């Protein structure tokens, strides 16, 4: 009887283990010290603690610009204040009504470029608007008697520059010419200041250059010597070269004339040996015969279309 029981136990399906038994045990909770019961309120206390102010020394890696410093690209432009008040240049900008936004943009661009180069400016000053009226015919043919009116407004801005050196002002104007904007005209008036006696220094420098050139010419012709008349050595060298060139030209002309005369004699001798006339002589005779026949021929009447002969 025990045999069937054993078989039933062997063929019985295996039971699935319970999830509670298969799961690992939970980790132990950390023990909190008794001396710090208010740990849960630590974030609140730390958030309410005052933040230390950043030091203003140069050792700080980042420096925050002040609110008064203008932005080089955005924001309101603040020109540099003049130091001596010496007026060095004035820039006039103008455009028509359709290009007013371009005029405003380029004016701001010129002011910011001047500040970047360290040029104090007066800011953009709006000049009076010029209004022009143009009356033209409406059409050259059908509507010639009717006329049409066109109004044009010219807007202007002026920028004054102070306390700038000549090189910096020229660099500023060259940069504006390079980055010129279509529809915006520019006209610059530049004032240059010189020291008293600047003209004398310029004349003395020119005289010094002339003396150096004269000394260089005298040194170059010193090797050729001077004439008995006491002329300068440079002039004597020039005369000698001119005589040599003249002699060479005369010799070349004489050689060419001899060659031409020899060729003519050879051609004449060849024609005489053949006993015939040359092509030039034959052509001359033919020309004379044609002229004689034209002189003796009577003019013939050419009938006109529509007319009858009589």
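Cβ coordinates are placed from backbone N, Cα and C, and glycine is handled just like the others.
Note that TrEMBL annotation is computational and uncurated.
Taken from TrEMBL, the feature region 'Disordered' applies to 1-78, 214-235, 247-310. If you look up TrEMBL, you'll see 22-31 marked as compositional bias 'Pro residues'. Taken from TrEMBL, the feature compositional bias 'Low complexity' applies to 32-72, 225-235, 261-271. According to TrEMBL, the domain 'Small ribosomal subunit protein uS10' annotation covers 90-189. Sequence annotations record features per position, and here TrEMBL assigns compositional bias 'Basic and acidic residues' to 247-260.
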Taken over the domain 'Small ribosomal subunit protein uS10' (90-189), the predicted model's pLDDT averages 92
Secondary structure split (DSSP) over the domain 'Small ribosomal subunit protein uS10' (90-189) reads 33 helix, 45 strand, 22 coil
